[in-house]
């Protein structure tokens, strides 16, 4: 039976912060022989059972050992040294935690900006798809790739980027991604060939994905106190949620000139902050800092990465193409079936890899409340993406509103997101006590969906009666769901999987969004098949509203607050 432990031992003011970790009865703590057998052993290696230990276990020569958390970065030798008050050779100084508050705030601003830019890469495209297609002569059947190339590259490599951020110094990973965004967005703004545009959008997605897990890794190190850490992670998540609405307004403004100026603006915005981060960010150390390059490469789990990337890429490809070719087409069915098979292969592959070598923690499915957290997380991008994309498209195509007017009519989402996101800082219980807060937030999203469904498209005064009210109520609930699930999932992962934890949460969000947009497009056929007929849109809001209400009900029935670890005071790990 697995239990949760929150170690409150401090090995010094400069130790790394650590999230709760899992203990399994089948885990065996390493002993001193582990170090003797492998002189290159690091903290992450010390969780594996050595060959000599296995021989002892087989012959009954068992030693009485302290039972350590399965995913802890601290082995028995180190634990004994800490108990004696001695420092061990693998202890690394946490340079981020000792920074002055002003410097921390500037770095946090840089991290939040990168999160905003990454999310805006998807939401801003909702408004820019038509202008880009017209400018680059992209056929209707290929327009899905204007968004698809970025989102596919971004979502399918999230776990890989998380692994990179855990094995290599996160400040290097972050700066490469952040500076790369500035460079490639500038290049994209001058593209006149559609295929060059697609390729560069995919590359920009690969660079953007590097900034998320590395930012989360450094935020966790920078704020060791669990309560403060939770607030900063919530602030980081709020930046992404704000991008889903404010980016639409930015895109609408720049479309008054040309879509290319949006990409140039991002470069102008990111460039100085990336330079600032470069000079203000201290040298950070990876969890596996002592490992040589070849050993780190082994722990990249490249086979698992390739299987997962192929699975997610095919999954997204299938659902993206379903909106064009239909749900009964081979281009939807074949990728979907293959992606499910590959996902099963990935789970099996990860299960048989030794600890420290797999992408995901072996105990992930035993983490407390992990299943209701995943289910609830899967609903929020589905709700947000479907609300924004369909409303933005309908306003422009059916009501013939300009891009800027459409963005202004969606502004209540952005303002509400900002207010509610700020409220989570003043009222942290909105995030830390989710059992009843999350279902209420789900009900608010459901209410928003019903207002959208019965708005008839928001003509005239119906905009204020239905669309405006739905945006305010639904977005308020959606922000609580998004920030709460993002924070809870990240903090459920131990330190050595900090980057993976952030990536895992974002994969759940992205997959939910892809499914929602595809289902929404498919439901157009329940009307006359055109965007002007609100029947298909109405049914899509019934679907998204019903799903998030379902996940909220399951959450209140399944989630147990008492199973979660209670963290009080700074929590440290080595």
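The backbone N, Cα and C atoms fix where each Cβ goes, glycine too.
For 1-76, the entry in TrEMBL reads region 'Disordered'.
The feature compositional bias 'Polar residues' is assigned by TrEMBL to 1-10 (among others).
The annotation compositional bias 'Polar residues' is assigned in TrEMBL to 18-34 (among others).
If you look up TrEMBL, you'll see 35-49 marked as compositional bias 'Low complexity'.
Summarising the annotation, TrEMBL assigns transmembrane segment to 106-132 (among others).
For 107-564, the entry in TrEMBL reads domain 'Major facilitator superfamily (MFS) profile'.
Sequence annotations record features per position, and here TrEMBL assigns transmembrane segment to 144-161 (among others). Outside the transmembrane segment (144-161) by six or more residues, the chain places 118, 121-122, 125-126, 128-129, 132-133, 138, 173, 197-199, 201-206, 208-210, 212-214, 300, 305, 308-309, 312-313, 316-317, 320-321, 323-324, 359-360, 499-500, 503-504, 506-507, 510-511, 514 with a CB less than 8 A from a CB of the stretch.
Feature annotation from TrEMBL assigns transmembrane segment to 173-192 (among others). Beyond the ends of the transmembrane segment (173-192), by six or more residues, the same chain brings 110-111, 114, 117, 136, 161, 164-165, 200-201, 203-204, 207-211, 213-215, 218, 260-261, 263-264, 266-267, 270-271, 273-274, 277-278, 281 to within a C-beta distance below 8 angstroms of the stretch.
Feature annotation from TrEMBL assigns transmembrane segment to 198-220 (among others). Among residues of the same chain six or more beyond the transmembrane segment (198-220), those with a C-beta under 8 A of the stretch's C-beta atoms are 17, 19, 96, 107-108, 111, 114-115, 117-118, 121, 145-146, 149-154, 157-158, 161-162, 164-166, 170-171, 173-174, 176-178, 180-181, 184-185, 187-188, 191, 229, 232-233, 236, 281, 284, 490, 495, 498-503, 506.
Marked as transmembrane segment by TrEMBL: 232-255 (among others).
The transmembrane segment annotation in TrEMBL covers 302-324 (among others).
According to TrEMBL, the feature transmembrane segment maps to 330-349 (among others).
Feature annotation from TrEMBL assigns transmembrane segment to 370-391 (among others). Taking Cβ pairs closer than 8 Å, the transmembrane segment (370-391) reaches residues 123, 126, 241, 244-245, 248, 364, 409-410, 413, 438, 442, 445, 448-449, 452, 458, 467, 470-471, 474, 478, 481-482, 485-486, 488-489, 492, 505, 508-513, 515-517, 520, 537, 540-541, 544-545, 547-548, 551-552, 554-555, 558-559 in its own chain, all 6 or more past its ends.
Within its own chain, the transmembrane segment (403-424) is flanked in space by residues 127, 131, 231, 234-235, 238, 241-242, 244-246, 248-253, 255-256, 387-388, 391-392, 395-396, 430-431, 458, 463, 467-468, 471-472, 475-476, 478-480, 483, which lie at least six positions past its ends and keep a Cβ under 8 Å from the stretch. Taken from TrEMBL, the feature transmembrane segment applies to 403-424 (among others).
With a cut-off of 8 Å between Cβ atoms, the residues of this chain six or more beyond the transmembrane segment (436-454) that come close are 376, 379-380, 383, 387, 391, 429-430, 466-467, 469-471, 473-478, 480-481, 484-485, 537-539, 541-542, 544-546, 548-549, 551-553, 555-556, 559. Sequence annotations record features per position, and here TrEMBL assigns transmembrane segment to 436-454 (among others).
The transmembrane segment annotation in TrEMBL covers 497-521 (among others).
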Key: Mean of pLDDT values spanning the domain 'Major facilitator superfamily (MFS) profile' (107-564)   = 86
